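Asks: Annotation comment: Swiss-Prot describes Asp25, Gly154, Gly215, Gly236, Ser237 as D-ribose 5-phosphate binding site. The active site, schiff-base intermediate with D-ribose 5-phosphate annotation in Swiss-Prot covers Lys82. Taken from Swiss-Prot, the feature D-glyceraldehyde 3-phosphate binding site covers Arg166.
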Amino acid sequence: MSKVTGSERVKRGMAEMQKGGVIMDVVNAEQAKIAEEAGAVAVMALERVPSDIRAAGGVARMANPKIVEEVMNAVSIPVMAKGRIGHITEARVLESMGVDYIDESEVLTPADEEYHLRKDTFTVPFVCGCRNLGEAARRIGEGAAMLRTKGEPGTGNIVEAVRHMRQVNSEVSRLTVMNDDEIMTEAKNIGAPYEVLKNIKENGKLPVVNFAAGGVATPQDAALMMELGADGVFVGSGIFKSEDPEKFAKAIVQATTHYQDYELIGRLAKELGIAMKGLDINDLSLEERMQERGW
């Protein structure tokens, strides 16, 4: 019996519905409810937020299915869950549980150092990280319905997310003025599917939404990423590692929606406590940088 797969149009359409919103990492039902009440458009169920994964070291795997199930039962908004890069069985288990999206995530320890998942063989849509157009196009070619910047998870430092968003956007702009021969050469140079690049050139944009992720810690960070062209924002450790998660969650949602209302963002920031402790990217070795995982 052949596997049933979801159509590309339906998967991408589901992701489009999250545009302009905030997706929050949660580790239990209580946090999921806080996220929903704050206005999150979806939650990401995982065992530990990225900052705790970074601190603990070792191997980071898919969350216990019990945690994912508790979160799914607690909220009415879509629930995402992370699986390891290339781990077919983790993804199939999450799909069988009925999660709304799977994040093939570099936050977890990769299971396969050669292959990402063939996401077009699944019914459930996938979100994947990217730092540049080559990574974005490869993930789209594999069937990703949604992209996000990799940033540097668990640091509370927005600099890498900014770098990745600007990089992808500038490469998309450059692609739009290329002729077919140049696109073929570009596909070879960056290891990207030609048809995906051709589609981007013809439409002047990526065929899927691209959210900001990795290092968002304040309402100002979220608004900045929207200014730079993000379709929405993922917040990992930034909310539940802050002094007042409920206030931070609501403020980040409002700042994402009203990202050019600087007076509002200033008022929101005044009412908040202390943000999560940040890490300087320069203090991390290449081996410690989660963004280096995947290819």
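Backbone N, Cα and C atoms are what each Cβ position is placed from, and that goes for glycine too.
Structural setting of the listed features?
Replies: Under DSSP, Gly215 (D-ribose 5-phosphate binding site) is assigned to coil, being neither helix nor strand in the three-state scheme.
DSSP assigns Lys82 (active site, schiff-base intermediate with D-ribose 5-phosphate) to a strand in the three-state reduction.
DSSP gives Arg166 (D-glyceraldehyde 3-phosphate binding site) a helix state. Here the Cβ of Arg166 (D-glyceraldehyde 3-phosphate binding site) has 13 other Cβ atoms within 10 Å, regardless of which shown protein chain they belong to.
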Asks: Ranking the binding-site residues Asp25, Gly154, Gly215, Gly236 by other Cβ atoms within 10 Å, which is at the bottom?
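Replies: Least crowded of the binding-site residues Asp25, Gly154, Gly215, Gly236, by Cβ count within 10 Å, is Gly154.
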Asks: Out of Lys82, Ser237, which has the highest number of nearby Cβ atoms, where nearby means within 10 Å of its Cβ, if these are the recorded positions?
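Replies: Comparing the recorded positions Lys82, Ser237, the most crowded Cβ belongs to Lys82.
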Asks: With an 8 Å cut-off on Cβ distance to the Asp25, Gly154, Gly215, Gly236, Ser237 Cβ center, who else from the chain surrounds the D-ribose 5-phosphate site?
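Replies: Going along the sequence, the neighbours come out as Val49, Pro50, Ser51, Val107, Pro153, Thr155, Gly156, Gly214, Val216, Val235, Gly238, Lys241.
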